[in-house]
Amino acid sequence: MSNQHTSTLRVPLVSEERTLGQLTEEICAPMERKPSRMWWVAFALAVVTLAVGVGMVTYEVSTGIGVWGLNKTIGWAFDITNFVFWVGIGHAGTLISAILFLFRQKWRTSINRAAEAMTLFAVMCAAIFPVIHMGRPWNAFWVLPYPNDRGSLWVNFRSPLLWDVFAISTYFTISAVFWYFGLIPDLATVRDRVKGGLKKAVFKVLSFGWTGSSRTWHRYETVYLLLAGLATPLVLSVHTIVSFDFATSVIPGWHTTIFPPYFVAGAVFSGFAMVLTLMIITRVVLGFEHLITIRHLENMTKVIIVTGGIVSLAYGTEFFIAWYSGNPYEKFTFMNRAFGPYAWAYWTMVTCNVVSPHLFWFKKVRTSPAAIFVLSLVINVGMWFERFVIIVTSLHRDFLPSSWSMYTPTVVEVGTFVGTFGLFFTLFLLFTRVLPIISIGEVKSVAAFARGSHAPGHASHPAHGSETPHEHPAEAPEPLPTPALAAAVVRKDMPV
Amino acid sequence: MIAVDRFNGGSKTMTLAGAVGIVGLVLTAVGFFTAPQPTMFSYLFGFTYWLGISVAAIIMVAIFHTAKAKWITILRRTMETMGSSVFVFALLVIPLLLGAKYIFPWVNHGTDWVFPGTDGVKFTEVELHHLHHKSPYLNLPFLYVRQAIYFAVWIFVSWRLRTWSMEQDTTGALELTVKQRRFSPGSLPFLALTITFAGFDWLMTLTPLWQSTIFGVYYFAGSFLAAFCVLTIATVNAQGKDEYGTLVTTAHYHNLGKLLLAFTAFWAYIAFSQFLLIWVANIPEEAGWFKLRIEGAWKPLSISLFVMGFAVPFFTLLSRNLKLKPRLLAVVAVYLLIMHAVDLYWLIWPAYSPQGPSFHWTLITSFIGVGGLAVAAAMWQARGRYTLPVKDPYISESLRYVQP
Amino acid sequence: MSAETKVLDSWVLAEFATPDALVDATRQMREKGYQGMDTYSPYPLHGGSEALGLPPSRVPFIALGGALTGIVTALAFQTYMNTIDYPLNIGGRPTFSLPAWVPITFELAVLLTAFGIFFGLLGLSRLPQPYHPVFESEEFRSASTHGYWLSVPTAETTVKPDDIKNQLTSLGATHVTVVTGEKE
């Protein structure tokens with residue numbers, strides 16, 4: 001019905017021809033065959049790392065947070081850095097699934113499921129840090145406003161840390177709903193492929209009795225669109241609120257009004273780097289090169305250039321205003337960042353975040369998975385250092401020189417951080433085994449387009465229908481007669 | 001069959017706009033000789049309003065090229081035309097620079113400055129000391145140099161993209177599309193830097209001892225919204241002979257409506273972030289700017305700016321039916337343009353009239369004066385050209401665009 | 001037979017090779033006067049809901065309701081807890097700090113909207129549904145992988161199932177079958 005006219009200049013999104021049945025087969029294959037040796041090796045590594053983290057956390061909780069390298073000047077360091085780092089990673093998942101969906105970027109279809117899962121796992125990793133920093137994590141529920149018999153006693157709604165509680169929990173819930181919602185049709189597909197037994201029973205329950213009925217699809221599309229529309233401002237608000245943790249204070253280096261958009265851009269920047277890292281591994285290990293194509297990788301590198309540019313602009317503006325303000329403390333903080341004892345961290349950050357993304361201007365770099373992989377790791381490192389620099393350098397030399405101090409993480413802190421990677425990869429590897437990591441339904445709709453069959457009702461995205469104004473069916477305006485339109489020629493060098 | 005030829009209409013609009021512009025500017029000049037200070041503030045208001053729209057249009061063209069957007073192709077020429085009027089502002093900025101001492105307290109290190117709306121209050125010693133610290137940035141020669149850089153960047157980017165685009169109208173060469181799409185991403189960092197600092201220079205330094213890192217973003221968030229409003233209104237009204245409006249479908253309007261919604265929200269987000277951070281931290285050196293606006297006589301305007309500038313248009317634009325009706329959408333766009341004017345007034349005027357909102361007749365004359373000339377310049381640029389990039393390789397795709 | 005019709009219904013299921021054929025057949029069947037039909041496909045069919053003549057979705061209204069509930073609830077409980085019940089001076093900020101209420105208000109509005117539409121969808125579509133008559137057919141399992149199916153209930157028409165089958169075959173169905181299951 002509402003068929004998008006597509007130029008022949010466009011490049012197909014699924015690079016090899018497949019029938020719908022073959023696609024289902026391929027995407028479901030990793031969860032139906034026995035795990036490969038590579039998977040077992042990776043899984044064992046991840047579980048061991050996770051065990052290290054669990055050990056460290058157990059030690060920390062049973063001993064007290066004195067086992068961390070914090071002191072009275074630097075009361076916040078590794079934990080909050082890691083918290084912001086992981087939350088930021090998570091945001092790219094929502095960006096890919098929701099924002100790219102709203103922008104009708106169809107290339108997202110083969111990566112959005114994995115990216116959403118990544119969001120969930122990253123937010124879990126992030127949430128660990130504030131909880132263990134409480135020292136008595138079993139009292140964590142005290143941050144919630146619940147009726148109690150301690151007289152009138154309520155949490156303080158003017159604190160950005162409480163906003164965080166609401167933001168992160170809402171974010172996790174919505175991400176989970178969004179992810180599960182997108183999974184339902186695919187769960188039904190798996191249900192219908194499995195012959196019987198326990199697995200069939202489990203998928204029967206999980207798929208909610210999905211039939212693929214038009215009536216349900218009709219509402220499903222509206223709900224998906226609305227969820228995407230909600231997740232987009234939500235993801236902005238979450239990192240905005242994370243930035244408020246710092247910016248609402250009066251600490252030089254933290255209190256600056258550009259923090260909200262700057263943190264959001266930074267989150268997208270680091271998150272896309274993490275998605276790239278994961279996708280490059282996944283496509284090689286699972287043999288999905290034709291589904292997660294070079295083009296997907298290339299598009300993501302372009303997002304990285306743009307967000308890296310925004311981050312660089314923010315660094316520059318901050319520096320300028322620090323000087324312009326004439327505030328000696330502000331100026332000192334920034335000079336201390338660049339030339340003080342943590343200068344090595346600062347320049348690592350600049351090299352990784354400001355300089356290295358510009359290598360992506362070269363097409364050769366953008367289309368080489370190995371180069372992208374290395375750069376994505378570099379950017380992840382850089383963004384971790386960005387948070388470290390913001391947090392530690394702003395604190396370590398405060399207003400009183402007598403309380404100046406240095407911060408070095410202890411083994412426990414490093415071990416906890418490494419342990420969260422273990423958690424993240426354990427969950428991600430399990431995910432690749434038990435659920436379809438590519439959205440089958442969505443890939444089918446773009447695969448129809450890839451075959452060049454622009455049959456009405458075929459080339460469209462799964463969740464687009466209810467939005468469509470139906471008063472414009474296939475009879476599009478005639479091509480302009482004068483002057484004749486340029487003939488569309490398929491050209492390799494043509495950007496599409 | 002719809003035949004589109006080079007556009008030769010609009011001479012009436014052009015003459016009318018030009019005449020209004022000249023009359024407006026002449027009256028503003030008269031205002032200057034009777035009351036220089038309010039007139040210069042008014043002129044700044046008119047200037048930043050229209051220039052923001054023009055520059056936002058240039059940036060948007062570059063962004064759409066960078067994103068390789070196809071649906072926008074049919075609307076692109078109008079954005080290019082809006083951007084092409086930027087050269088007029090290169091002339092209009094001269095009076096602003098000549099009259100800088102009436103609006104910018106930092107001219108001559110602030111020693112001559114008497115705060116308007118007070119009985120001769122001047123900067124204190126401490127404040128002068130701080131101003132002196134900023135003098136490497138806040139001095140007239142460097143201001144002139146910066147203006148020259150801004151306009152050089154804007155005129156060059158606008159001219160480059162537009163020339164290629166128009167060349168394609170005759171040759172239809174695909175390479176020109178490639179060139180535009182290669183050039184645009186490279187131009188974005190320069191555009192972002194110039195608009196950020198232009199916002200600082202023209203609006204933030206009205207209160208030279210106050211600073212906010214997000215200020216540039218605030219100025220261009222509002223300007224982007226206004227640029228999309230102008231684009232919507234222009235498209236709805238471009239229904240004559242050889243004009244592209246007849247080819248625009250509801251799907252395009254739907255997208256324009258979504259962009260209006262998104263930028264209304266974005267502007268509010270930036271505005272709220274700036275406000276909340278300064279309000280919560282409550283540091284004396286920066287709270288003053290907001291204290292002036294949220295307490296006392298400016299408070300009602302601040303509250304109505306939130307309600308009328310964000311809440312009302314946001315919830316109105318949520319309606320899908322509204323976005324599919326071009327005429328209604330144009331009404332919302334006009335409303336948002338008025339709100340953008342209120343927003344700029346709210347940014348600028350408290351510096352002149354801290355005791356409360358006031359009106360000076362030059363606000364109107366300079367607004368229509370600068371606006372008239374800008375519109376006339378855009379019409380002049382549009383005439384004799386196609387109103388849409390007729391040989392763009394994506395034009396047919398854009399013409400048949402439907403909501404996916 | 002009469003006892004059976006009280007508890008059992010029959011549906012004619014037809015599989016089509018392409019989505020176009022399905023949409024086309026659905027439209028023609030509806031024009032013939034069949035009621036209560038449904039189509040099934042592995043991804044949403046464009047034009048499918050129009051061919052069935054479905055009304056616009058009510059979901060956006062549920063969303064608006066959720067958002068307003070969230071805004072009102074959040075503003076109310078924050079004001080009650082920090083302004084009325086436990087007014088405490090923190091950093092000199094007013095006990096009624098409306099700007100500081102905004103972040104949580106926004107989060108709660110988003111949360112309740114999302115819950116509203118998610119559970120609203122489940123309610124409107126009667127999910128989770130442990131049983132559906134179409135599950136009786138083994139071939140129907142292709143609807144979630146590559147098949148395009150149409151179901152025509154026999155209960156709401158006087159046409160005999162065999163005639164419906166013939167009509168569907170003449171409309172291009174590649175596979176036609178009848179399932180019998182419990183009444184909904």
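Here the Cβ of each residue, glycine as well, is placed from N, Cα and C on the backbone.
As written in TrEMBL, here are the features:
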| type | residues | note |
| --- | --- | --- |
| TRANSMEM | A:39-59 | transmembrane segment |
| TRANSMEM | A:83-103 | transmembrane segment |
| TRANSMEM | A:115-135 | transmembrane segment |
| TRANSMEM | A:161-183 | transmembrane segment |
| TRANSMEM | A:223-242 | transmembrane segment |
| TRANSMEM | A:262-282 | transmembrane segment |
| TRANSMEM | A:303-324 | transmembrane segment |
| TRANSMEM | A:344-362 | transmembrane segment |
| TRANSMEM | A:369-390 | transmembrane segment |
| TRANSMEM | A:410-431 | transmembrane segment |
| REGION | A:454-478 | region 'Disordered' |
| COMPBIAS | A:454-466 | compositional bias 'Low complexity' |
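At the 8 Å Cβ cutoff, the transmembrane segment (A:369-390) and the transmembrane segment (A:410-431) share fewer than 3 close pairs (sequence separation 6 or more) and do not count as touching. Using a Cβ-Cβ cut-off under 8 Å and counting only residues 6 or more beyond its ends in the same chain, the transmembrane segment (A:262-282) has close neighbours at 84-85, 87-93, 95-96, 111, 114-115, 118, 122, 235-236, 239-240, 242-243, 288, 292, 296-297, 300-301, 303-304, 307-308, 310-311, 314, 318, 353, 357, 369, 372-373, 375-377, 379-380, 383-384, 386, 428, 432, 437. By number of Cβ pairs under 8 Å, the transmembrane segment (A:39-59) is matched best by A:410-431 from the list A:83-103, A:161-183, A:223-242, A:410-431. A:115-135 is the stretch from A:83-103, A:115-135, A:223-242, A:303-324 with the greatest number of Cβ pairs below 8 Å to the transmembrane segment (A:410-431). Through the fold, the transmembrane segment (A:344-362) approaches residues 269, 301-302, 304-305, 308-309, 311-312, 315, 337-338, 371, 375, 378-379, 381-383, 385-386, 388-389, 392-393 of its own chain, all at least 6 residues removed from its boundaries and within a Cβ separation under 8 Å. Same-chain neighbours of the transmembrane segment (A:115-135): 57, 60-61, 64-65, 79-80, 82-87, 89-94, 96-97, 161, 164, 168, 171-172, 175-176, 178-179, 182, 274-275, 278, 416, 420-421, 423-424, 427-428, 431, 435, 437, counting only residues six or more beyond its ends whose CB sits under 8 Å from a CB of the stretch.
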